[in-house]
Amino acid sequence: MSGCPFLGKSFGYAFKPLSAQGSEEDKSQAGVNRASKGGLIYGNYLQLEKVLNAQELQSEMKGNKIHDEHLFIITHQAYELWFKQILWELDSVREIFQNGHVRDERNMLKVITRMHRVVVILKLLVQQFSVLETMTALDFNDFREYLSPASGFQSLQFRLLENKIGVLQSLRVPYNRRHYRDNFRGKDNELLLKSEQERTLLQLVEAWLERTPGLEPHGFNFWGKLEKNIVKGLEEEFTKIQAKEESEEKEEQMAEFQKQKEVLLSLFDEKRHEHLLSKGERRLSYKALQGALMIYFYREEPRFQVPFQLLTFLMDVDSLMTKWRYNHVCLVHRMLGSKAGTGGSSGYQYLRSTVSDRYKVFVDLFNLSTYLVPRHWIPKMNPVIHKFLYTAEYCDSSYFSSDESD
């Protein structure tokens, strides 16, 4: 056999023999140790001396060192660090909305990237409870007496997070019949008050949704066309059911139809919406709800794909905050049973009352599924409007955002 011609000597290839220890070891040692020349090093950059020495066991200070208190402190400090990062991301998103940079749709990538990061962090925080669950109730009881009157309710950052997202003060469950801010003093109280006065993420998103292209009555007029199509569709549905022979099945279908009709037509009752808004059962303005539903229906259009992702991430934040509360409730129930909390609250009973839609901020986005209709009921677009939804709006002067939001 002549063998492979490409390996022949006639081609002039000369292969070096392979070594067992080879050149890989040499390459792995080819770098330069820059740290030996001085300058910033890892520990100094992260200020690890402060971070790693910030665990003071109260049990040890009282002369009775309890092993699991260290885990308890580390876990809660990790929570607070992640809360700080969430607030950092949330503030940057709010600033983009606040300064009008979101009018340039190219900035929406920043918004959804940072909101996605918030979602991923919250997923981590929900899972982190499993670490605390490695501690038994008896283990916790060994050092619990040293914690009072400290309480998780006193987490300033978590309360700031609630306020900045948009939890309504009127819907908060009172803490021992007192306003939640009464548990904070001095600068902390001032920060909470300031966060209540600032525009929330909910309010900023609401204003953004109200500007959804296609809502203009003298333009595409999505809302007017949707109402017309739904009324027509309901009439056709009624005619189909009415034409059937009398039977128990027909009665059931007619009853279901009446329910569907009431729900869908209520969508166009602005006074009813305002009434539900005043009761806290709805959070978005009537026009913002229209914008959200339009994005929901036309989410496959290029211009609405990114806005739809944002609405999805906002719902994820709400869901994960609820899961976090629920996991917290379960952990407290496991550790304390029905005993009072270290801060003096009713413990499990109080926490359980916070796992509800009262603390959901973007509840209207979840409820959009209530108004799903057959695709052929959704208003069709003419070529001009369809082309319009392929074109993003941008403004060079607003594209360059401030340093803080970069």
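Backbone N, Cα and C define each Cβ position, glycine as well.
With a cut-off of 8 Å between CB atoms and residues at least 6 apart in sequence, the same chain places GLY152 near HIS76 (substrate binding site), listed in sequence order. Swiss-Prot lists PHE72, ILE73, ILE74, THR75, HIS76, ARG144, THR342 with the feature substrate binding site.
Within 10 Å of the Cβ of HIS328 (heme binding site) there are 17 other Cβ atoms, across all protein chains. Annotation source Swiss-Prot lists heme binding site at HIS328, citing sequence analysis.
Sequence annotations record features per position, and here Swiss-Prot assigns phosphoserine to SER19 based on similarity to another entry.
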Other CB atoms within 10 A, centred on ILE73 (substrate binding site): 16
Residue pair HIS328 (heme binding site), ARG144 (substrate binding site) - Cα distance, angstrom, rounded: 16
Which listed residue (PHE72, ILE74) has most other Cβ within 10 Å, given these are binding-site residues: PHE72
